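In what follows, a single structure is set out as structure tokens and then discussed.
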Amino acid sequence: GTSRQIPQTIIIGVRKGGTRALLEMLDIHPNIVVAATEVHFFDWDENYVKGIDWYRSLMPFSYGNQITIEKTPGYFTSPQAPERIHDMNSSIKLLLILRDPTERVISDYTQVYYNRVESHKPVQLFEDIVIKNGALNMKYKAIQRSLYDVHMEKWLKHFSLDQIHIVDGNTLIKDPLPELQKVERFLNLPSRIMSSNFYFNQTKGFYCIRSDGRERCLHESKGRPHPLVNTTVLQQLYSYFREHNAKFYRMVNHSFDWH
């Protein structure tokens, strides 16, 4: 009685915002099934040309009463993704998880740093990448990804604001349940995720998941310690993002506790 369905909900981003945590936590819900890997269907041309049947073939089997969710953080910053998703399903519900843009830049750098160390490739200090000739390096992709207003503008050309639910990534890590209950309501699902589904792991410093008699934490690559960043550079980033954040707050009629 199961079949593979095109997702009725997509987690569109943002990279290093907590997309994996959100997906794993939603997977607790009996009415949700999740795609195991990031599909990159709408942002990578080489995948998009394979067509919708190829996309569907990568989805998990589900019952009629279940919602299929996939997550690819690259969608949010992709110029093509909004129109392509709209072409597939104009009434789809989208989940966007965001965190403080400066924190996101540092987390983005941290992931690349560890990947390069593990691959025995040379690494640069955060400050040497972020600052060029005494000014912020606007070409640094990690900074561009944190310009939430710029990217949101593209999504709002194709979707109404009530189709996009924004999850507060900073809150999700500190206190998951309220954020997940908001998602349940947004997806019109019965309330099934409970506080007993989470426990705080002192060693890792964040919440882990307990469901179906099993306990699991996010991969060890999650929650890695960030480098200590020069205070002046931090202030430059805060200052730069302030105007973009204010514009974003106006766009979505909601403000966040960001620097």
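Numbers run from 1 along the shown chain.
Cβ coordinates are placed from backbone N, Cα and C, and glycine is handled just like the others.
Keep in mind the model is a prediction, meaning the values are calculated, not measured.
Sequence annotations record features per position, and here TrEMBL assigns domain 'Sulfotransferase' to 7-244. Averaged across the domain 'Sulfotransferase' (7-244), pLDDT in this predicted model comes to 95.
The 3'-phosphoadenylyl sulfate binding site annotation in TrEMBL covers Lys16, Gly17, Gly18, Thr19, Arg20, Arg99, Ser107, Tyr207, Lys222, Gly223, Arg224, Pro225, His226. For Lys16 (3'-phosphoadenylyl sulfate binding site), the same-chain residues that are 6 or more apart in sequence and have a Cβ closer than 8 Å to its Cβ are Pro73, Arg99, Arg104, Ser107, Asp108, Gln111.
Here TrEMBL flags Lys16 as active site, for sulfotransferase activity.
Within 10 Å of the Cβ of Cys217 (disulfide bond) there are 16 other Cβ atoms, across all protein chains. The annotation disulfide bond is assigned in TrEMBL to Cys208-Cys217.
Within its own chain, Arg224 (3'-phosphoadenylyl sulfate binding site) has Thr110, Gln111, Tyr114 as residues 6 or more apart in sequence whose C-beta sits under 8 angstroms from its own. Within the group of binding-site residues (Arg20, His226), the Cβ with the highest number of other Cβ atoms inside 10 Å belongs to Arg20. Counting every protein chain shown, 28 other Cβ atoms lie within 10 Å of the Cβ of Gly18 (3'-phosphoadenylyl sulfate binding site).
For the pair His226 (3'-phosphoadenylyl sulfate binding site) and Cys217 (disulfide bond), the C-alpha distance works out to 19 angstrom.
Sequence-distant neighbours of Cys208 (disulfide bond) (same chain, 6+ residues apart, CB-CB distance under 8 A): Phe198, Tyr199, Phe200, Asn201, Glu215, Arg216, Cys217, Leu218.
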